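These notes concern the structure reproduced below.
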Amino acid sequence: MTQISHDRLLIIDFGSQVTQLIARRLRELNVYCEIHPYQKVTDASLKEFAPKAIIFSGGPDSVMREGSPRPPKAAYEMGVPILGICYGQQVMMHDLGGRVEAGEHATAEFGRAYVTPTENRPEFLKGWFMDGTGKEQVWMSHGDHVAEIAPGFEVYGTSPGAPFAITADLSRNFYAVQFHPEVHHTPNGATLYENFVRLAGFTGDWTMGAYREEMIAKIREQVGDSHVICGLSGGVDSSVTAILLHEAIGDQLTCVFVDHGLLRLNEATEVVKMFRDNYNIKLIHADESDLFLGELEGVSDPETKRKTIGKLFIDVFQKYASEIEDAEFLAQGTLYPDVIESVSFSGGPSVTIKSHHNVGGLPEKMGLKLVEPLRELFKDEVRALGHELGLPASFIGRHPFPGPGLAIRCPGEITREKLDILRKADAVYIDQIRKHGLYDDIWQAFAAILPMRTVGVMGDGRTYDYALALRAVTSVDGMTADYYPFSHEFLGETSTRIINEVKGVNRVFYDCTSKPPGTIELE
Ligand code: XMP
């Protein structure tokens, strides 16, 4: 395997809820880093990873508890800078000869606190304590506290509950803070990471241009002369995966776009056209709408719908994939948060549903190996890579669209008539959102057709037509969401446009349920 040539920073995770944010802050500084759970960090793995600096994350445990998490001793002996955060500070002090005491009410701190500096200001604090107040707001979350610092360390900042809020051994480039600089509530926290990586000698060489070149080399090495298949949904992850692979291996890649008849208005044509016009990628446009809609006839239970679609998707994908000679690899758009979740020692409970789950089960069934070129990236980095690869902005910024498509936006039985109405109404709704400049403020917006007809009056006649629900939410990751607060004018105008322009709808509701208790999709 090609080794990544960047300077690498290792984050040893002791189980903090916010460890991922440390990685975010570092990536924003163009520093390549990886999070490894503490149990997996050994002398040998440290040597192999060869970090240029190490960060110890926070964590929920107490260093005084027998068997609580520790970094390997070798971490302190590698001669590289270390930054300890919260539990990471305590573990460092404890390991290096200081003393930690159990939390007492008077010294525990949770939430906002203010740190004031001592007389000496090391380079690590460059840019801090500059706004005239003489203090910095920080976010604390600790029960235990350091009672005695380790030999060689000095104190550079204190807070009412943490007399050793900022400490450092400048001769060894070891820094240790009691608060969390990675969170939003430490407003100047990013500066500390910037100072730390500068002191550690990082040059900020983690750029998308460099990543693209590296990944291309890695893919070529992994795949050799074999053939790769890639399920293309038109979403940003699968599109970026496909384009990157195409740059790497050209004709050895075949993409399969499965049209299950549950796509939005003109979606199949647009995705296929975008790929055919802009990229010379071998693309199979599998129109299987009759198969899917046939199997879904009369099905109204949400779980049965999902299972039927999931099973058919695998069958269809397998049918096309097995026609491709020498197919040895399946490309997936797995992202870094999925990778972290799956190795997290705290066993993060979240299940992120992603489009590539649509082909889950295939690799084992067909004996395919996986190519996952995005597995080191966060979602916004995938967008940046898409931009770097020249993917049109309209594709990069698209709202997520679920694998089961319109089926889960059509509660009750699915009919072609309902799907037609839904497609048209959804297109008007999205057009309204775009015209009002709101598209990029919203995580996801769509229309759903409700399993009911209501009475209305249009002109001088009675109507008995479908009711429609409009949904729009803001979210960071789709796990929780708030409904979007449209103005009444917007809602009124949109409702009028839909009823005037889409035959078959005579009533429009706006769904103002957040998640939880609702989910984003209706089913
Ligand atoms: P829910 O409805 O669970 O949706 O709040 C959260 C996010 O996941 C998307 N979603 C899916 N995506 N296959 C997908 O590819 C699925 O089966 C699926 N179900 C929900 C949903 O659109 C939202 O972005």
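Glycine is treated like the rest: Cβ placed from N, Cα and C.
All annotation found in TrEMBL is predicted automatically rather than curated by experts.
These come from TrEMBL:
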- Cys86: active site, nucleophile (ACT_SITE)
- His180: active site (ACT_SITE)
- Glu182: active site (ACT_SITE)
- 206-398: domain 'GMPS ATP-PPase' (DOMAIN)
- Ser233, Gly234, Gly235, Val236, Asp237, Ser238, Ser239: ATP binding site (BINDING)
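The two recorded residues, Asp237 (ATP binding site) and Glu182 (active site), have Cα atoms 27 Å apart. The number of other Cβ atoms within 10 Å of the Cβ belonging to His180 (active site), over all protein chains shown, comes to 24.
Glu182 (active site) sits 35 Å from Ser233 (ATP binding site), counting Cα to Cα. Its Cβ placed at the centre, Ser238 (ATP binding site) has 25 other Cβ atoms within 10 Å. Within 10 Å of the C-beta atom of Glu182 (active site) sit 25 other C-beta atoms, taking all shown protein chains into account. The most crowded of the binding-site residues listed here (Ser233, Ser239) is Ser239, judged by how many other CB atoms sit within 10 Å of its own CB. Of all the recorded positions listed here (Cys86, Val236), it is Val236 whose C-beta has the fewest other C-beta atoms within 10 angstroms. It is 35 Å from the Cα atom of Ser238 (ATP binding site) to that of His180 (active site). When pLDDT values are averaged over the domain 'GMPS ATP-PPase' (206-398), the model yields 85. Per Cα geometry, Val236 is the residue among the binding-site residues Ser233, Gly234, Val236, Ser239 nearest to the residue listed as 'active site, nucleophile'. Around Gly235 (ATP binding site), a 10 Å sphere centred on its CB holds 21 further CB atoms from the protein chains shown.
All protein chains shown were included, and the count of other CB atoms within 10 Å of the CB of Asp237 (ATP binding site) stands at 22.
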